[in-house]
Every structure is written in structure tokens, then in C-alpha cells.
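Visitor: Okay, here's the structure, questions in a sec.
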Amino acid sequence: MALRSLSKKAVVGLGRNGGGLGYVRGLQTVSLPDLPYGYGALEPAISGEIMQLHHQKHHQAYITNYNKALEQLDQAIPKGDTTTIVKLQSAIKFNGGGHINHSIFWKNLIPIQEGGGVPPKGSLGWAIDTQFGSLEALIQKISTEGAALQGSGWVWLALDKEAKKLSIETTANQDPLVTKGSGLVPLLGIDVWEHAYYLQYKNVRPDYLKNIWKVINWKYASDEYEKGSP
């Protein structure tokens with residue numbers, strides 16, 4: 001993710017707990033990452049209009065609000081304004097989490113002609129077959145969990161480093177996966193906020209969850225699994 005220096009004062013970073021305070025040499029804000037493909041490259045699974053709005057408007061809004069909260073925190077810390085510092089934590093977690101989650105989400109997707117939907121091979125493929133019986137069974141379970149999630153949030157395929165197995169998790173709103181456990185490595189995250197699908201799929205979230213698998217980047221998930229495996 002792109003970073004730019006804001007000041008040289010001691011401030012906060014998004015730690016493993018999703019937004020705890022910590023002193024560092026300088027405050028760094030974040031900027032919108034480029035997509036590794038064009039907005040229309042995931043059609044027909046995800047429309048170009050959705051991708052453009054999702055990236056330029058929604059992801060950018062999380063970044064803007066996260067940076068704003070950091071700037072306010074930068075002003076509050078030297079004053080010892082504990083009330084403001086505490087109040088800002090929810091904004092940092094929500095908007096910082098939105099940036100973290102979407103930065104992963106874009107990498108989880110890839111056009112069909114570039115390998116979208118191609119089943120994972122190697123260690124991840126073996127782990128899926130061993131634990132879930134088949135890739136199809138895993139996809140069905142993730143899709144069911146995502147469709148059943150009340151309100152807005154995310155459904156994840158994770159590597160649980162402590163249990164040494166795969167795990168399916170859901171998080172509410174923009175909570176990043178790390179809020180469910182520091183040992184969870186995100187391999188695949190699917191955004192089930194309405195802004196991720198409503199323009200194309202209306203209120204039928206299961207159809208979105210059915211079609212998104214056609215553009216899932218299993219190679220990225222496999223690479224993350226290899227890096228996270230003990």
C-alpha cells in the first residue's frame with residue numbers, strides 16, 4: 001500500500017489488533033492503490049461500473065477518512081487530549097480496516113483470461129481437499145456463510161497458523177481479519193457489502209457469491225498460504 005509522510009511526530013499505526021495506539025518515528029498516511037487490471041476486466045462476473053465506483057469512491061472514502069483521523073490524532077496526542085484520542089480509535093479501525101480489506105480484495109480478483117477461477121494447486125489445493133473434501137465443498141461453505149452474514153461485512157478463507165489448518169471466518173462492517181485472531185492469515189476475502197454487488201445483482205447476494213468465483217485469484221491465495229505456513 002502506498003504511504004506518504006504526514007509529520008515527524010509520534011503517532012499511530014494499524015497494529016495487529018486492528019488499530020491500537022503506538023509510537024513510531026513519523027505519521028504515515030495511505031493512498032489509493034492502483035488496480036492490477038482494468039475496471040471492466042472482470043466482466044461479466046463483476047461489472048466495470050461497480051468496480052470503478054467501488055475502487056474510486058468507496059475505497060477512496062475509507063482512505064480519506066482514515067487519513068483525516070490520523071491528522072486529528074496527530075494534533076490530540078501532543079495536547080494529551082485523551083478523550084479525543086480514545087474517540088478516534090473507532091474511526092481509525094473502521095476506515096483503516098476498510099483500506100486493509102479492500103487492498104486484499106483487489107488482489108483476490110483476476111480476469112478469467114489471466115487465470116480467474118483456476119483451481120488452486122500445490123499445498124493449498126491439498127489442504128482444501130484434505131479438510132473440506134473438495135474445492136466445490138469449500139466454495140459452497142464460504143458462499144453460504146457470506147450469504148447468511150447479517151448486514152454488511154466480509155467472509156474469509158484464512159490460514160490459522162496456531163491451529164495449523166484452514167479456517168472460514170466472517171467479520172462485521174470493515175473489521176479486518178486480524179480482529180478475529182492474530183494468528184489468522186487472510187488468503188481470500190469477499191466483500192459482501194451491498195456496494196460490492198447491488199448495481200448488478202440487486203438484493204440477490206447469493207448470485208454475486210456464485211459468480212465471483214469465476215474471477216477469484218487462487219494463485220494469490222496459494223502464494224499467501226505458502227508464505228504463512230509454518
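Cβ from N, Cα, C; glycine included.
Unlike curated entries, TrEMBL annotations are predicted automatically.
Feature annotation from TrEMBL assigns Mn(2+) binding site to H54, H102, D191, H195. Feature annotation from TrEMBL assigns domain 'Manganese/iron superoxide dismutase N-terminal' to 31-109. The annotation domain 'Manganese/iron superoxide dismutase C-terminal' is assigned in TrEMBL to 120-222.
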Visitor: Just to be sure I understand the packing, how many Cβ atoms besides its own are within 10 Å of the Cβ of D191 (Mn(2+) binding site)?
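Guide: I count 24 other Cβ atoms within 10 Å of it.
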Visitor: What are the non-local neighbours of H102 (Mn(2+) binding site), defined as same-chain residues 6+ apart in sequence with CB under 8 A from its CB?
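Guide: Those within reach of H102 (Mn(2+) binding site), by Cβ under 8 Å and sequence separation of 6 or more, are H54, H55, H58, H59, Y62, D191.
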Visitor: How many other Cβ atoms sit within 10 Å of the Cβ of H195 (Mn(2+) binding site)?
Guide: 13
Visitor: Near H54 (Mn(2+) binding site), how many other Cβ atoms are within 10 Å of its Cβ?
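Guide: Other Cβ atoms found within 10 Å: 23.
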Visitor: How do the residues of the domain 'Manganese/iron superoxide dismutase C-terminal' (120-222) split into helix, strand and coil according to DSSP?
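Guide: In the domain 'Manganese/iron superoxide dismutase C-terminal' (120-222), the DSSP-based counts are 52 helix, 25 strand, 26 coil.
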Visitor: Please list, in sequence order, every residue of the chain apart from H54, H102, D191, H195 whose Cβ lies within 8 Å of the Cβ centroid of the Mn(2+) site.
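Guide: For the Mn(2+) site, the extra neighbours are H55, H58, H59, F105, W193, A196.
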Visitor: What does the DSSP secondary structure composition of the domain 'Manganese/iron superoxide dismutase N-terminal' (31-109) look like, as residue counts for helix, strand and coil?
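Guide: Counting residues per DSSP class in the domain 'Manganese/iron superoxide dismutase N-terminal' (31-109), I get 59 helix, 2 strand, 18 coil.
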